[in-house]
Amino acid sequence: MGSKTPGNHRRGPNESSPHPAIDAINPPKQAAASRLVHSSLEGESEGGEDEDDDKPGADLKAVGQIGNNGQKRNKRRKKKKKNTKELEILQTTPPRVALANIFRSQRYPEAEIVKYSTDNDNLQRTTAEELRHISVLNAMDDEFLNDYRKAAEVHRQVRQYVQTIIKPGIALSQLAEEIEDGVRALTNHQGLETGDALKAGMAFPTGLCLNNIAAHWTPNPGAKEVILKYDDVLKIDFGVHVNGRIVDSAFTIAFNPVYDNLLAAVKDATNAGLKEAGIDARIAHISETIQNVMESYEVELNQKVIPVKAVRNITGHNVLHYKIHGDKQVPFVKTQTNQRMEEGDVFAIETFGSTGKAYLDDATGIYGYGYDENASTAGLHHSSAKSLLKTIKENFGTLVFSRRYLERLGVQRYHLGMRSLVTNGIVQSYAPLVDVPGSYVAQFEHTVLLRPNCKEVISRGDDY
């Protein structure tokens, strides 16, 4: 167990791991911090010709020759223009300066690069048998990687600021607003004009889940305000996208040191999953590794020792273009599957650990909605539903959105239309997921890109 610290000390993603062996194998890479600036030197301007050179007869008198008055003319010196340097633009606190104004070259920093094992025979097989596929993948690298790295840098800068303001007494609605305002400011897309939110911004509603609420809870308009308390365990899960390239990352904050081992268990389990991820990695092996690491921990609550359990019915997942959930899953418990990770995959490796029964049920309320582009609209007759669907397609596409996002666009009286869309299976609704009352759940998550010759933990920062 970690050493106790003075009261009100925040325990979160910056805590050192009680499993240094894992961190030694997969150390966090120092990511770009919120004060990172890029500047460039303007090139030295070409010196202009002397204005007298264009006068008639100017070419008759060479420099240094004797003039008509018998005096030797002095050679004229061209004035050198001094180099000028662009003013460095720093990120503000809270972060509200668009990254495009800081990174003038529009090139964003790479994240943690992990080379594949040199004794992996499949690496040579991939290079020999799929050369054409790799060349196609490499042709996409510049745009693909830069979009992902920009989204990741936005996520890092926003969450680093947010960690400084998360304290007992803050309202969760204020916290959600700080996160979402920061993302929209740094991507320079407020999402108020039609289609603007599809260019860059929030990939899904900010998840702020307390204690036994594991996932899919966000403040909703008109709901009772929720205030963070000292004994709460808060999970912060938000996504950033740039041109549909989604970075999904989450962390947990606790102030009371009794939860130290719970957070350490989940953080170590996530890092173990990231370490095992790679081209041709067996998902069954990754799942078993995650469970073994997480369930090696115990937590003492109310003078009772409780084992940390891996949550059984929620999983990590691959991420697709404009879709937060793909068709591949990474459970946190031992599973029977022959599925493997593949080159070019993007995975959100996340883990949830619980002091409860580690099985989640749907709670009352709605977290958000997602449009199913493959659903038939043949049975849709209500004009309000058709109008709402048009708004959803134009502003969110297949990205998950919440009621707050609709009302931010000025959409009113949408409840009947939304009910019709959900009933017809055109839009899917997501409920909060909860463990038993009195239990505590923690979460950590990173997005990893499985590139041809390495994996890039794109959301890695110096915080977690």
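Backbone N, Cα and C define each Cβ position, glycine as well.
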Report task. Look at the divalent metal cation 2 binding annotation in Swiss-Prot, where Asp248, His317, Glu350 are given, and name the residue from Glu153, Glu177, Glu178, Glu445 listed for that site too. Result -> Glu445
Query - Binding-site annotation, Swiss-Prot, divalent metal cation 1: partner of Asp248, Glu445 in Asp237, Asp435 - result: Asp237
Report summary line: The binding-site residues listed are His216, His317, His325, Glu350; by CA-CA distance, the one closest to Glu445 (divalent metal cation 1 binding site) is Glu350
Requested in this report: Could you state the whole-number distance in Å separating the C-alpha atoms of Asp248 (divalent metal cation 1 binding site) and His216 (substrate binding site)?
Outcome: 14
Report task. Quick one: of His216, His317, His325, which binding-site residues lie within 10 angstroms of Asp237 (divalent metal cation 1 binding site), measuring between C-alpha atoms? Sequence order, please. Result -> His216
Report summary line: The most crowded of the binding-site residues His216, His317, His325, judged by neighbouring Cβ atoms within 10 Å of its own Cβ, is His216
Query raised in the report: For Glu350 (divalent metal cation 2 binding site), which residues of its chain lie six or more apart in sequence with Cβ-Cβ distance below 8 Å?
Result: Asp248, Ala250, Thr270, Gly316, Gln443, Phe444, Glu445, His446
Query raised in the report: If you count other Cβ atoms within 10 Å of each one's Cβ, which of the binding-site residues Asp237, Asp248, Glu445 has the most?
Result: Asp248
Query - Conformational class of His216 (substrate binding site) under the three-state DSSP mapping - result: coil
